[in-house]
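Student: Below you will find the structure I want to go over with you.
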Amino acid sequence: MYAVKLNKDTLLPREKLVQYGVEQLSHQELLAILLRTGNKEKHVMELASHILHCLESLADFDKLSLQELQQLPGIGKVKAIELKAMVELCHRIQKAKSSHSIQILSSYQVAKRMMHELGDKKQEHLIAIYLDTQNRIIEEKTIFIGSVRRSIAEPREILHFACRNMATSLIVVHNHPSGLTNPSENDVAFTKKIKRSCDHLGINCLDHIIVGKKQYYSFREKSDIF
């Protein structure tokens, strides 16, 4: 019997990953592995190619909601959930890498980072950034998704994670999906409440920052609360 010698182009994506390493796979091949199966009309590789052609770039995966993912050809609810989970896991891995030992030197530094992270979000996200004595990031924690109004009377969760991380300082950030960053009365009330609560526990609340896609508002820079 003669052995058939296979090259990269003749191997299936999983076989190619094992033999040559994940770095050698194309976007299409990686997506095909995640999809696992095709549909009645298309083989999984054809389906992966078609989906990628429907997107302007890979970054669009991060922007699509669960419902929008299901509108892509060949993507049902289960595959949409799996893709959404994959994107979020990648996002968290990248965040963990980029956050490690970063020292916060200004509100603008935080705002720039969070504009990139939250600028395209369609719901309000309330995030607390916990810092050590050198203002290095210990943890970035999503406290709430929905409306900051629900969190105004309940700063205890923010402070719970501050104590758990033994943080000496924290910065609170939330986004306005409208892109407009002027603070509302609720934003001002929330800022005063979290500042008082932090002072009571001896934790330094450095700022509350509101971000949109292209602008931000810093209470430390523009108000007398801090």
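Backbone N, Cα and C define each Cβ position, glycine as well.
Annotated domain 'MPN' per Swiss-Prot: 103-225, in sequence order. Under the heading motif 'JAMM motif', Swiss-Prot lists 174-187. Marked as Zn(2+) binding site by Swiss-Prot on the basis of sequence analysis: H174, H176, D187.
What's the neighbourhood like for these features in this structure?
Tutor: The DSSP breakdown of the domain 'MPN' (103-225) into helical (H, G, I), extended (E, B) and coil residues amounts to 46 helix, 38 strand, 39 coil.
Residues 114, 118-119, 121-127, 148-149, 152, 208-217, 219 of the same chain lie 6+ residues outside the motif 'JAMM motif' (174-187) yet bring a C-beta within less than 8 angstroms of a C-beta in it.
Remark: H176 (Zn(2+) binding site) has E124, I210, V211, G212 as non-local neighbours, by Cβ distance under 8 Å and separation of at least 6 in sequence.
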Student: So how many other Cβ atoms are close to H174 (Zn(2+) binding site), meaning within 10 Å of its Cβ?
Tutor: 22
Student: Which whole number is the mean pLDDT over the motif 'JAMM motif' (174-187)?
Tutor: 93
